[in-house]
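Over in TrEMBL, the protein carries these features:
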type: TRANSMEM; residues: B:20-37; note: transmembrane segment
type: TRANSMEM; residues: B:44-68; note: transmembrane segment
type: TRANSMEM; residues: B:88-107; note: transmembrane segment
type: TRANSMEM; residues: B:119-140; note: transmembrane segment
type: TRANSMEM; residues: B:146-165; note: transmembrane segment
type: TRANSMEM; residues: B:199-217; note: transmembrane segment
Amino acid sequence: MIKVEKLFFTYPGRKEPTLKGMDFTIKKGEIFGFLGPSGAGKSTAQKILIGMLKNYQGGVHIFDQEVSQVRRSYYERIGVAFEFPNFYQRLTAIENLSLFRNLYAGDTAVPAQLLTEMGLMESAHMKVAAYSKGMKMRLNLCRALLNNPDILFLDEPTSGLDPLNAKKVKDKIISLKEEGKTILITTHNMSTADEICDRVAFIVDGKIELINSPRNLRVLHNKRKVRLEYRRKDHQLVTSEFDLQGIGTNHDFLGILQTHNVETIHTQEATLEDIFINVTGRGLK
Amino acid sequence: MRFPAAFLYDIKIQFRHGLYAVYMLVSLFYIIALHQIPEQYREIAGIFITFSDPGVLGFFFIGGLVLLEQNQNILDNLFITPYKVEEYIFSKALSLTVLSVLTSYIIHISVFGVSHYLVLFLVGVFLTSMFFTIFGLGVAVRCHTLNGFFFLSSIYSLIFLLPLLEITGMDHFLFMLLPTKGALLLISSGFHSITTWEAIYSVVMLLSWGVIAFIWARKSFYNMIIRKASEGKTL
Ligand SMILES: Nc1ncnc2c1ncn2[C@@H]1O[C@H](COP(=O)(O)OP(=O)(O)OP(=O)(O)O)[C@@H](O)[C@H]1O
Ligand SMILES: [Mg+2]
């Protein structure tokens, strides 16, 4: 669906390229995540894929066309939610959606239905000027879905959302994937990526350091240890770690289980965040 | 469906920004003022006001509207849809022209009555407004702030206002090549009849200038907005 080869991009007036040779492919029906610290080039890469930035080097094939050559009909088939949600402030949410909906020639979604799914129906007739950041973010997703796009580009779709609304957005993204949509999302939020992405790309400094599924990454970086906390007879809290390998016959481990009051017991999974720091030597923030 | 919807929403947005309310007041002011003017000057004042206000109103308001969309980054969102630049320009111009035609009609019938033949007059306002609005859009995309726009647009518009000197008795044959002369002629047809040749000359001039303005505005829009965005320049 999307094939990117040796992608370089330099903003005018900059000496250093912002993107320094990216290669990746995204399959139909996949949720693909761009992860990386601020300034890594995630939004820049996304702007190239949506045909906005054209002076790039390398190849970007989407729907079997080079994206710098696409016609305006390309926009019938993609949906975009920019990082910052911008609307006509003096129009209501539903007016904004119907305005944008009418710009498409193909079949479109019903604005009221999208608003309902995003929990905005009660505020449908409110001017966007009176919307909170989180409401605008959800409205931004609604707008990206108006034309029933085959590919969705979502830049930080859950930023500024409370956990409940973030869940609404994540559930919607997953249900879109089930409908066969291809979705590229950008985020700094590792747990969001972990929950919804089929594969993630770690982007640092304009380069992709690694591409893999969150599950594979966790397995690869798993420390394969069990940690437990228990109370000794004198009520002192003690923490011990054991290898996962052969744990069923580990006498020390079994002894503690039998004779002590165990309070917590966990396998030591590496979070995506740990893995990111491990692989790139960089934090996410 | 795309164009009619974009056009209707442009009108709605102008309405929400209070343009219609402001123009009702402005028209009321002109109507009262024109009634105060002595009868023998009323006609010339009517022509002048119709040209310089409803006629050219789009020229200044388009700047506000385009800069608003630019500053709120709405343009990025519009142009990741199949919406075309040509449609955008046309929708903006036509929507502001509706307001021009409406107000000039109201002012005219309230001051001079309904007895005159107004088709050519309204065609004149229509073409004048289309030309000036499209021209104003070409100026607006070169600016970043409203002040910058007002400065630049005064300079750009000066040349097109030169034929107004005619009122003071000054005239020059080169004025014939500007659309303003035609605009004044057509507008004056609302007060006294003009010849067929005058009408044809005026319409041809305004249309030609309209086409030139459109080509220039479209090119400006591509260069200043679309191309800059496609290079990643901040607007
Ligand atoms: N219009 C521009 N002109 C010049 N440089 C730019 C422009 N936009 C972005 N940059 C630079 O390009 C680099 C990458 O920016 P980009 O917005 O792609 O980062 P990002 O990964 O999306 O970051 P964030 O997580 O903060 O959104 C940054 O160093 C930024 O300063
Ligand atoms: Mg970004």
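Cβ atoms are placed via backbone N, Cα and C, with glycine included.
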Residues of the parent chain within Cβ reach of the transmembrane segment (B:146-165), under 8 Å, 6 or more residues beyond its termini: 48, 51-52, 56, 59-60, 63-64, 67, 132, 135-136, 139-140, 171-172, 175, 178-181, 184
Stretch with greatest number of CB pairs under 8 Å, the transmembrane segment (B:44-68) reference, B:20-37, B:119-140, B:199-217 candidates: B:119-140
Residues of the parent chain within Cβ reach of the transmembrane segment (B:119-140), under 8 Å, 6 or more residues beyond its termini: 50-51, 54-63, 66-67, 89, 92-94, 96-97, 100-101, 104-105, 108, 149, 152-153, 156-157, 160, 179, 182-183, 185-187, 189-190, 194, 199, 202-203, 206-207, 209-210, 213-214, 216-217, 220-221
